[in-house]
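Trainee: In case it's useful when we look at the structure, here is the feature table from Swiss-Prot:
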- 1-17: topological domain 'Cytoplasmic' (TOPO_DOM)
- 39-81: topological domain 'Extracellular' (TOPO_DOM)
- 103-116: topological domain 'Cytoplasmic' (TOPO_DOM)
- 161-166: topological domain 'Cytoplasmic' (TOPO_DOM)
- 188-201: topological domain 'Extracellular' (TOPO_DOM)
- 223-294: topological domain 'Cytoplasmic' (TOPO_DOM)
- 316-320: topological domain 'Extracellular' (TOPO_DOM)
- 342-347: topological domain 'Cytoplasmic' (TOPO_DOM)
- 369-385: topological domain 'Extracellular' (TOPO_DOM)
- 407-425: topological domain 'Cytoplasmic' (TOPO_DOM)
- 447-450: topological domain 'Extracellular' (TOPO_DOM)
- 472-512: topological domain 'Cytoplasmic' (TOPO_DOM)
- 18-38: transmembrane segment (TRANSMEM)
- 82-102: transmembrane segment (TRANSMEM)
- 117-137: transmembrane segment (TRANSMEM)
- 140-160: transmembrane segment (TRANSMEM)
- 167-187: transmembrane segment (TRANSMEM)
- 202-222: transmembrane segment (TRANSMEM)
- 295-315: transmembrane segment (TRANSMEM)
- 321-341: transmembrane segment (TRANSMEM)
- 348-368: transmembrane segment (TRANSMEM)
- 386-406: transmembrane segment (TRANSMEM)
- 426-446: transmembrane segment (TRANSMEM)
- 451-471: transmembrane segment (TRANSMEM)
Amino acid sequence: MENAGAGDGAPKHYPGKMTVFVFIACLVASSGGLIFGYDIGISGGVTSMDPFLSRFFPSVYAKEKEVVDTNQYCKFDSEPLTLFTSSLYLAALIASLFASVITRKLGRKMTMLGGGFIFLIGAVLNGAAVNVAMLIIGRILLGIGVGFSIQAVPLYLSEMAPAKMRGMLNIIFQLMITVGILFANLINYFTDKIAGGWGWRVSLGLAAVPAVIMTVGSILLPDTPNSLLSRGKENEARTMLRRIRGTEDIGPEYDDLVAASEATKAIENPWRTLLERRYRPQLVMSVLIPTLQQLTGINVVMFYAPVLFKTIGFGGTASLMSAVITGLVNMFATFVSIATVDRFGRRVLFIQGGIQMIIAQFILGTLIAVKFGTAGVANISQGYAIVVVLFICLFVSAFAWSWGPLGWLVPSEIFPLEIRSAAQSVVVVFNMAFTFFIAQIFLMMLCRLKFGLFFFFGAMELIMTGFVLVFLPETKGIPIEEMDRIWGEHWYWSRFVGAGRNRVMQMASTNV
């Protein structure tokens with residue numbers, strides 16, 4: 001399958017360079033990943049803290065502390081506790097549908113600003129919570145903020161970056177997610193030691209810090225030339241394109257942006273257009289890539305890491321420290337992707353990371369099966385625990401340089417402008433839907449499948465690696481405005497792409 005995405009036509013190379021202005025703008029915009037990552041990391045740690053459990057989820061606390069014969073696999077199985085974690089993702093799913101319209105009508109910048117502000121309110125509510133209802137309302141507001149940010153930020157990064165650097169700059173978003181996870185794990189480790197049992201308030205309330213960074217940063221950001229053009233601001237778009245490319249010679253790129261913008265204006269309903277045959281490759285990728293990303297099992301490892309480590313026999317402090325270790329691995333492994341994605345391409349990282357995750361999951365399942373069996377009762381030695389953590393780190397590192405960043409990068413770069421906001425909304429909806437679904441059923445699956453849960457996720461990774469090998473073309477170095485070419489040259493997708501796209505461009509030319 002070496003020619004799965006290759007073609008003979010060379011991509012365009014627009015004049016311009018990587019400017020300091022673009023790098024800073026992308027770095028600030030990527031702070032949207034901090035709020036998502038912080039929440040992923042903070043939730044699992046807080047739900048493993050005894051004062052938090054005894055106050056809000058006493059039945060779980062009783063199973064953990066008082067019922068000595070509870071199966072290790074099942075002691076955290078609680079619907080209210082699961083709802084606390086997963087309600088954010090359901091809210092993000094719904095919010096992303098509205099965020100699509102806001103992104104298209106008001107621009108990427110305003111969507112990020114709104115997301116940061118709403119997340120800030122949710123953080124304050126969670127930190128001050130006195131009952132479960134207040135916790136859930138706060139989580140819903142956090143989810144709305146996350147939905148807005150992950151709708152707008154990947155689009156913003158893809159549109160600001162020059163084609164040859166798009167992979168690296170877009171992956172900064174995933175890097176910020178990993179930084180958020182790491183800091184959340186570190187904060188949980190130290191707040192768990194606070195005397196008086198109120199450390200969980202600090203953990204939840206400090207989510208306001210990344211929210212403030214994103215809110216203030218969004219105020220200072222420029223909007224993208226693509227977004228300005230789609231809203232009829234031609235002069236501003238031309239000026240911004242000159243600034244971000246660092247050259248006066250923007251004619252070819254600007255002309256292509258105008259053509260894409262006119263094609264957008266010819267589309268009355270981008271949602272209906274997305275369902276047309278010529279956009280079948282983009283629709284399939286916008287559904288399957290985020291879905292398969294969640295079926296790696298990564299989020300259950302990251303936001304349930306302390307709970308998971310407690311389940312397999314680690315003590316409370318040890319489980320939080322193990323989560324810090326996986327957070328460090330997650331962050332540093334993301335740098336591998338930043339350094340290699342524009343050199344080796346997307347497919348190589350997808351396939352290599354997939355194979356590594358498959359190996360790690362099946363070995364983890366075997367290790368836990370040997371030690372715990374189905375009874376879920378065993379004392380784990382320090383040496384055995386270290387081996388388990390090592391293979392979890394092997395899994396996390398593979399995800400961090402493959403499906404983690406590429407699950408956001410590839411969908412954000414393959415959509416033509418006329419369907420970009422709608423298609424990105426589909427990406428967010430399916431990502432959040434399956435994040436919600438997996439979060440909602442994970443503790444139940446752990447209780448029912450036991451060590452078999454790792455084999456389940458390993459099987460999913462086998463399927464997704466095969467999917468990439470056969471159906472995903474290489475997108476490295478292709479300008480967004482030319483991305484249709486790779487589908488037209490693909491052995492399978494070429495049957496869907498061709499004349500339809502030409503008709504859209506002809507419609508655009510008649511409107512000029």
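We number each residue from 1, going along the chain as drawn.
A Cβ is built for glycine as well, from the same backbone N, Cα and C atoms used for every other residue.
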Trainee: Looking at the transmembrane segment (117-137) and the transmembrane segment (321-341), are there 3+ C-beta pairs under 8 A, with each pair at least 6 apart in sequence?
Mentor: no
Trainee: Looking only at the recorded stretches 140-160, 167-187, 202-222, 321-341, which one has the largest tally of CB-CB distances under 8 Å to the transmembrane segment (18-38)?
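Mentor: It is 167-187, which has the most Cβ pairs under 8 Å.
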Trainee: Hey, which of 82-102, 202-222, 348-368, 386-406, 426-446 has the most Cβ-Cβ pairs under 8 Å against the transmembrane segment (167-187)?
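Mentor: That would be 386-406.
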Trainee: Let me check one thing: do the transmembrane segment (82-102) and the transmembrane segment (426-446) come into contact, meaning three or more Cβ pairs under 8 Å with sequence separation of at least 6?
Mentor: yes
Trainee: Which range wins on Cβ pairs under 8 Å with the transmembrane segment (348-368): 140-160, 202-222, 321-341, 386-406, 426-446?
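Mentor: Per the Cβ under 8 Å count, 386-406.
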Trainee: For the transmembrane segment (140-160), which partner among 202-222, 321-341, 386-406, 426-446 gives the most CB pairs under 8 Å?
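Mentor: Answer is 426-446, with the largest number of Cβ pairs below 8 Å.
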Trainee: Across the topological domain 'Cytoplasmic' (103-116), what are the DSSP residue counts per state (helix, strand, coil)?
Mentor: 13 helix, 0 strand, 1 coil
Trainee: So if I exclude everything within five residues of the ends of the topological domain 'Extracellular' (188-201), which remaining residues of that chain have a CB under 8 angstroms from its CBs? That is, six or more out.
Mentor: 41-42, 45-46, 49-52, 55, 127-129, 306, 316-317, 320-321, 323-324
Trainee: As a test of reading the model: what is the averaged pLDDT for the topological domain 'Cytoplasmic' (407-425)?
Mentor: 82
